[in-house]
Amino acid sequence: MSGNTLPRPSRPSIAPPSGPLPSLPVAKTRNSTAGPASRVPSSSFLPSAAASNRAVSSSPAYRPSPKHNTSPSVPTLANVSPAGSLPVGKSLRKTVSIGAFPQPPRHMARSNPASPLSTSSTPSGETVNQRMSSAPKVSLHSRDSSLKKPRTSNIGGARGLLPKSPLAPTSFLNGSVDSVAVDTSHLSLPSPPQSRNSSPQGSYATSATTFEDIDDESRGRSETKNSSSKDGKGNVIVSVRVRPDVGAKDSKQEMEWGVDNKRALVSYRGREGGDYVYDNVFDTQDNNARVYDAAAKRLVRRVMEGYHGTVFAYGMTGTGKTFSMQGTATNPGVIPLAITDIFSYIRETPYREFLLRVSYLEIYNEKINDLLAGPVMSANGQPGQQEEIKLREDSKRGVYATPLKEEIVQSPTQLLRVIARGDNARRVAGTQFNAHSSRSHAVVQIVVESRERAPGPVGDTNHNKRSAVVPGGVRVSTLSLIDLAGSEKAADEKVRRTEGAHINKSLLTLGTVIGRLASDKEKAEKNKGKGDTHLPYRDSKLTRLLQPALSGNSLVSILCTIQIGASGSTAAASNHTGETLNTLKFASRAKNNIVSHAKKADESMGTGGDAGSRALLDRYRLEIQELKKQLEGGKAKETKEEYGDELQRDREEERARELEDRQRHHEQILEMQLARTALKERIEHLNRLILSSKSLGVNNSPSFSSLSFHRGSVFSNTGDMRPSSIRSCASHATLEVPRTSHSHHSSAPHGLDGSEEDDSVGENGDGSASQGAQIHALQADLADRNRYITTLEKRLLQARRSSHSRVSMSIRDKLGSSEDGGLLATIAERDAEISSLRAQLEDKERMIAALTSARKKNENAHDVGSDGSPGSRRTSMYRRSNSEGSSIRASGVSLVAKGPTSPTSPKPFLPPPSNNTGKNIEEMTRMLDEMITGRVDRARRSSLMPVSEGR
Ligand SMILES: Nc1ncnc2c1ncn2[C@@H]1O[C@H](COP(=O)(O)OP(=O)(O)OP(=O)(O)O)[C@@H](O)[C@H]1O
């Protein structure tokens, strides 16, 4: 079995012995197993987190009746919930809620409250002297038989157990100087006549020690030998507790011992005998509550007030160290009673706020283990190695272990549960002397942080205390509760021997350090200013950890446990006696040598002061302030952000609107482009139509048109007037047909002389028919173009309206109202143009009408002149035509006749040569075409203008 896998047998409930006690080794109900051992909480007062269920099932839960006043507010198994609810490894970052603390008895004074454990009762509810209930009957018998003094019992409680006599040793730490002494009995075993009052080494009697502010009266036993209270600085309590040993009642060894708890005296009448006086001596009938009240209660209170305090149990294996520190369900030990007291104190101190954190470590084989860290798993899921914990030292914290898990606790139950969890992890094994022996030194550290808060308004019970914290400093103090492993003789097993060697070595170092403290003091006196004398604190982890306490920074209470008498064999008896004497000597040295100058811890401000930066209350306060700032900042930011959001929303909406507008514009542009394309196509189509029309009779293309025109030119031969080209009705401009000079036909150089035209007309001999055809074609062309113009107008109007309505809407905001005027002006301009176009159209229609009537007249003249020369008819026609032409000109259309200038001359009567006529018509057509195209383009551009501007 390796040293690291010690068996941890279960530890069933240890009820106070009710029958004859067995001889040593005490038949503890704990089982020793070969595997890793753990203390089973069912036996301990401290409930195990992990095994609380087992505890409940294996032993009756401890449910104190209301009359059970030993520890009325101590949580029990019944009210300690399984630790499963507390996630391992997670610290609660909350301050202590005062309301959650157990209520102490009402009669307790705040400054020096009586212990809530001052009375005791059985679980059945009967209030009795707990000493009676826990002490073995045989002891009582022994006591009675030896002392023959009646025991006067103060049913009131443990305080009644304190001596009444002024000489009676009163624990000044308890402060119960007004205690009523009721029990004057003490165990006084006959001693040999030669026994001395002091040991050969001198007196081991200890003196009472005092805290700085303890009144003189409480230094009850300071008159005893080697009083260290003379210097007024001793803050060390040394107590000795005798474990009952039922099996040794009649042994010779027992007869050699005398235990006087009244005088706090242990006397030995054997070899090296003497009287050993301490601050407290607890006999076999004293229960844990009494031990706590006398040895630790006051210290715990002082810790709450700001002192550092250390309580440790020292003694041979199996003498009751764990029993005293942890206790049982029915007999809670120092640790649970201290926890109860801590929370009672907090509840009684409304003008301060507290924060508690707890750590739990063990020193096993000179290695420090964190008992709260839980099992460590390696990457492959196998149990891994805990990070090595080292001891460090700094000026503010002294010596401390790191990294060590600390848990913040808010209630006694929670604190007990944390400690129970640590207990389960502690190394325990069965030994020759103790079936459930602690194989390590266990250190519970409770760090108490406190800070003053402002008193609430008078009568205001609901005053919010949390908001009334005085901006003062935080005080940090530490309570260390240490259960040492017991010194022991060599064990049979190798592992036990190794453990024992480490245990003994560290205890030896402890003894050495304490032994040297006296000489250290003397040397220090002698060598003032010459530097410190060396103390071997570093020789063991235990002494290193205890260094602050041993060197005077802490209040100290040492509980030494002994067992007098031996169970059975003489060897065992002599062994026990030797060990017991060693323990007594250790206790005396500790009492004489340890000097405590413990002072109240300074209140730290922020990171300064005694507590330094480790004060969580400070850190939390700063954190709270920081969070509040952030909250307020967040609120302001939220407001800003809200405003910003609104702006952002507006901007986004605007952007969306713009995007929408753009899309709409884009659509409009597309529409317009489509419209344009459609218009272009239409124009092309119409142009094609026009070309087709030309080819049918207007143009003089060499093919059909020229032929037809030639045919048409026959009318010149018939003297018919040559019609001016009236091509296209889409022209907006004044139709002024320019005089064209023989552009197409070099074969017609005469221009207006019309010789060739005459020829051509003459050739065809069908000038009127040709003219009619031309006019007809022109009319058709004109009608076509009229339709086209109308369509264009409509389209343009439509496009302009839609463009105007859409674009003006979208760009109104952007361009401002001044643009409206521009648009309106543009629209008015377009309207004017359209009107002009209409007017021109009307002119053209009139021109066509004039041409038509001229043709008719011409035809009539031709008919009239059938008996005359056609030329005369032609002439008259021409003249009329000329006059018609004048009228047309007057009406705005400039039709310049290209015919003969002299009506008398035959030539003038001749119609213009057919070539010229075709040319003129063609030119006119082309001009009209150009004009129409130009107009259409202009109109189109102007209608599109606002869109492009809008873009
Ligand atoms: N005052 C006492 N009254 C009744 N029983 C006691 C008392 N002291 C010790 N015992 C019993 O003696 C046995 C040994 O006690 P305990 O385990 O506390 O010894 P220890 O000093 O812690 O030993 P170790 O150093 O080996 O751990 C336990 O069964 C315990 O219940």
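Placed from the backbone N, Cα and C atoms, the Cβ positions cover glycine too.
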Looking at the candidate ranges 592-611, 712-731, 932-951, report the one that TrEMBL labels region 'Disordered'.
932-951
Please check each of the binding-site residues M316, T317, K321, T322 and report the ones with a CB atom less than 6 Å from an atom of ligand 1, ordered along the sequence.
T317, K321, T322
Least surrounded, by Cβ count within 10 Å, of the binding-site residues T317, T319, T322 is T317
In the same chain, which residues outside the set G315, M316, T317, G318, T319, G320, K321, T322 have their CB within 8 A of the centroid of the CB atoms that define the ATP site?
R243, A313, F323, N434, G486, T561, Q563
